[in-house]
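Among the features that Swiss-Prot reports, ATP binding site is placed at 415-422, 1056-1063. Under the heading domain 'ABC transmembrane type-1 1', Swiss-Prot lists 57-347, citing sequence analysis as support. Positions annotated as domain 'ABC transporter 1' by Swiss-Prot, on the basis of sequence analysis: 380-625. Summarising the annotation, Swiss-Prot assigns domain 'ABC transmembrane type-1 2' to 699-986. The domain 'ABC transporter 2' annotation in Swiss-Prot covers 1021-1259 and rests on sequence analysis. Feature annotation from Swiss-Prot assigns N-linked glycosylation site to 232, 384, 469; the stated evidence is sequence analysis. Positions annotated as region 'Disordered' by Swiss-Prot: 1-21, 635-672. Look at Swiss-Prot and you will find 57-77, 104-124, 179-199, 206-226, 284-304, 318-338, 699-719, 740-760, 817-839, 843-865, 930-950, 960-980 tagged as transmembrane segment.
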């Protein structure tokens, strides 16, 4: 559809744009630029509804209530300290002490119940709000994408879209769901602590505020760095995702060229760039937490030292001092835990930057004009139209083009590749805005018309047919969207669909399929042949009876019988309609009312077929070059045997051996009970292997984490000693008074900063290296898989891109912050347990009994989160994969006005998991609330029983506080580990999928060294009695006992109806698949006995739909070199042979010119010729051309055929073709029907037989 481009901007805003002083810059810039917007954390809530805001406020309220529980607990602890001091001094009797202890314990029980309820409500509410708002962002993003002009997508790749719909939105959701509740709870704790502190002792509270100011400053500074580094990391990930999506989309080309290792190596610098920025984010995070915890311990020292001074002045008692000390420090402690939450929030804001920029971008074609109010006649006028593409501002694709297309007439456009033919259609459809000139429809400037209404007046069939995953009926019915028939019943719609399919010559093959019109076509129509897809696309274009038909190589993928039948149908459909036909095959336009011959963006000739044929000029040359060598021809007659259509492309044949890495069975079953093939221990061992080389860093990190965790039991001792010292009648007389313990806290602070900082840095490096290696493994093992693996809809390019970029990233949940927290918490629990047992075993045994409850509750929640993560990720990846598929076909979506339909499909997929998500969230929140509330119950029990032991004089006050403090921090640490349950659950799911991928053994394994290694071959190819099923459960074979062959150096042609098995033979020869039975042999050796890599090195394949990669022309061509260094002269010679040399020389940077994803701004012919040049550089012994010249104009086709004929000397050549002029010079031609050879012979022999081949030649005659 599109015309040449030379360079691809690196983003939607840069790269290949003209310089700022270029006169066309504003016109081109506005077609692709993204608005510059400023995003902060609160911007993430801009799409929340009133209901969601209400639920968020309720959740925030209960989060605040939850946060206030600990300061209230400290208030009671302070009262208990004062009561115990009074009891020790003899100022209150034992009975009063017992009564006050009971009251305090009962109040703490109330706090336990309040915590249980409040945590459940805020957790559940935050998770639901986060899911709802993120889904709203996803929906807005997808709707905005489908609103954009087509030029925007030429620089904004589908890989980036996939990454943003999966990885980036997951980051946003993480920032606005549970994390916000935890953040509010921590802030509430902080505020409540200060409120109590100011009430109890405002002077001491004010002094201790200095430390909190320092903590806040550290958080602000460090968060700024994290946001900056996080944005760089997200940008690097988006670039890598684009490369991944491009690779998986062209997996057949990758396999045919043997590019697996090369592409892995090329991706590595981008993965290293992601690791570079990721490590910086985690380094900053680790040291921020270390400094914050160090400041907390300094605060303890300051409080003890200053509190003692106040006590010396007689201004306050020890209870108030301890209350202020513990309140401010527990507030600062929990506030210090917001570090990971702030990191998540800053990463969420960074991830939203590009997403919100797309959402807020106004398309240059989406002016919002009301639908047209006039009756369309179909008069079209181009007036002085000039056009350039943003990446080539110095090259005019159209130059001052003026032309009238009369209403009700058929106008054909022909010309060489890149002459501007398809650009005319693109501008008429408003895919691009011309840089000058105007286009009128019935006298109305089309830029003033509503773009959707305008496109509804057209029926467009593109050169490369695009179908969407769904039934045939649904695909054809898409053509009715937005028209007067769009809301009709299925019965009425079916009649319209059936009639359109009859005209498009598709009805017979559709009814022959197992499910008829309800047959699923698969991703991109994978279950149908190219010709079948083309006919369905034609039916979709004409089903609504549009006023104007735009046919851009509409019959290029059809066999000759189908082409003739469809052409007759199109002639019928064109009656009374304005029809514009872009064509290379001149046999399809002989009856046009006017034929325009384009050359370099200008009109070179125009007239009828007869007039132009009689004139000396380009058209006459085209006709002469397409003329077939013929015997005496007769008109086609009843002897013509229609092609028998069978599904001719793969639709996943999965068995246990070749199963999906996304599990077995139907999605509903998977939703109910996601299968787990591996135990937790197996997965941990598997993930640990990625950090095997980092064992020294791991040991350093673990040792530092143990020291960091052991600080808290030491803190318990220091704290108890300080309380005893402050409670003493004469603290100054003590050998180790309050000042000594204040100094010990200064020492403890520096130990904590050093140990936690080293821990954070060590695990930061380990986590990012783990992700780097896991991504490398994931990509390499995916490239190892055979083509059959990628035929599975669950392994689409979008889903696999998400797997490498997003899923694998989740493995950090088993490393980094989580690993540090796990070892630190373990050291705290074990250290506290040992200390407590040594100091007071009775109280320890009673209070420690609650920790197993925390662990069980956390474990159950972990399992629930894992289940929820599997369901949620499956839905999001599949829906993102569909969007990616649709964006790749955005021209078809836009031309058919399917934007709203595609958006609604996406929204329905998001809503499909709402009930499951709600149920899992309720259970998960309940168990999490229990794990958070149990420590308060533990404290209640501990204070009651411990105080009772003190009252009985079995324990001293020092023993009591050492044990209780150690147990409190032990229980809190145990609960803190399970706060990472969501991250841990994601990591578990990702580890399982990666393990399944690594364990999967492909049937055709490019890693295998087995088989004979061959340096060269004679090129003798044989297919003997081959039967082949794309689907193991299919009853109809695609190839049915077929036998054919080619002698060394011989050229053979394969022709026949769509679905007859031509391309399947090519796929078997390339060993994309193994035959179900029979033998494919090379030099009389079964190809399965030859090493796959050395086998494919003897072959070169040029596909019907050419694929080029996002790099320079030189790099694209060198992909065919088998790793050999080639000189420029060798490359240029290949370009000359492929008739693309002149075009390359016309580009600003020649061979070093880069272009966008799949070279979308090159014409189909230019892409095809570059693909042929790449094949020539491969110097193959066997050359496979699967419709290799289908996209070429007649001049280029004839030149390329001559070049291929020359290069084929001494090589075996297999040519698959619909256009018989391509294969008439072959040594032997095989005409296929229903997967078997119906006729064979030379062109002359087959013409003499007057069979199906003879009839096909008749149908393509230009005479």
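Backbone N, Cα and C atoms are what each Cβ position is placed from, and that goes for glycine too.
Recorded stretches compared: 104-124, 179-199, 284-304, 930-950; the one with the most Cβ pairs under 8 Å to the transmembrane segment (57-77) is 179-199. Of the Cβ pairs linking the transmembrane segment (740-760) with the transmembrane segment (104-124) and spaced 6 or more residues apart, fewer than 3 are under 8 Å, so the two regions do not touch. The stretch with the most CB contacts under 8 Å to the transmembrane segment (284-304), chosen from 104-124, 179-199, 206-226, 699-719, 930-950, is 206-226. Sequence-distant neighbours of the transmembrane segment (930-950) (same chain, 6+ residues past either end, Cβ-Cβ under 8 Å): 66, 69, 73, 76-77, 80, 84, 87, 97-98, 101-102, 104-105, 108-109, 111-113, 115-116, 119, 840, 842-843, 846-847, 850-851, 853-854, 857-858, 861, 956-957, 960, 963-964, 967-968, 971-972, 975, 978. In this structure, the C-alpha atom of residue 419 (ATP binding site) lies 41 angstrom from that of residue 232 (N-linked glycosylation site). Cα separation, residue 417 (ATP binding site) to residue 384 (N-linked glycosylation site), rounded: 22 Å. Following the DSSP three-state reduction, the secondary structure of residue 232 (N-linked glycosylation site) is helix. Averaged across the domain 'ABC transporter 2' (1021-1259), the predicted model reaches a pLDDT of 83.
Of all the recorded positions in the list 232, 415, 421, 1056, 1060, the shortest Cα-Cα distance to residue 469 (N-linked glycosylation site) is found for 1060.
Annotation: 469 carries the greatest number of neighbouring Cβ atoms among the glycosylation sites 232, 469 [cut-off 10 Å, Cβ to Cβ]. Listed by sequence, the residues of this chain that lie at least six past the ends of the transmembrane segment (699-719) yet keep a Cβ under 8 A from its Cβ atoms are 297, 300, 741, 744-745, 748, 751-752, 755-756, 758-759, 762-763, 766, 819-820, 822-828, 831-832, 834-835, 961-962, 965-966, 969-970, 973.
Taking the recorded positions 384, 419 in turn and counting surrounding C-beta atoms within 10 angstroms, the largest count is reached at 419. Under the three-state DSSP scheme, residue 419 (ATP binding site) falls in the coil class. The distance from the Cα of residue 384 (N-linked glycosylation site) to the Cα of residue 421 (ATP binding site) comes to 16 Å. The CA atom of residue 1062 (ATP binding site) is located 48 Å away from the CA atom of residue 232 (N-linked glycosylation site). Cβ-based neighbour count (10 Å, all protein chains) for residue 1062 (ATP binding site) stands at 30.
Straight-line distance linking the Cα atoms of residue 1056 (ATP binding site) and residue 232 (N-linked glycosylation site), rounded to a whole number, equals 53 Å. Sorted by the number of other CB atoms within 10 A, the binding-site residues 417, 1058, 1060 start with 417, the lowest. In the structure as shown, the Cβ atom of residue 415 (ATP binding site) sits within 10 Å of 27 other Cβ atoms. DSSP assigns residue 1056 (ATP binding site) to a strand segment in the three-state reduction.
Among the binding-site residues 415, 421, 1058, 1060, the residue whose Cα lies closest in space to that of residue 232 (N-linked glycosylation site) is 421.
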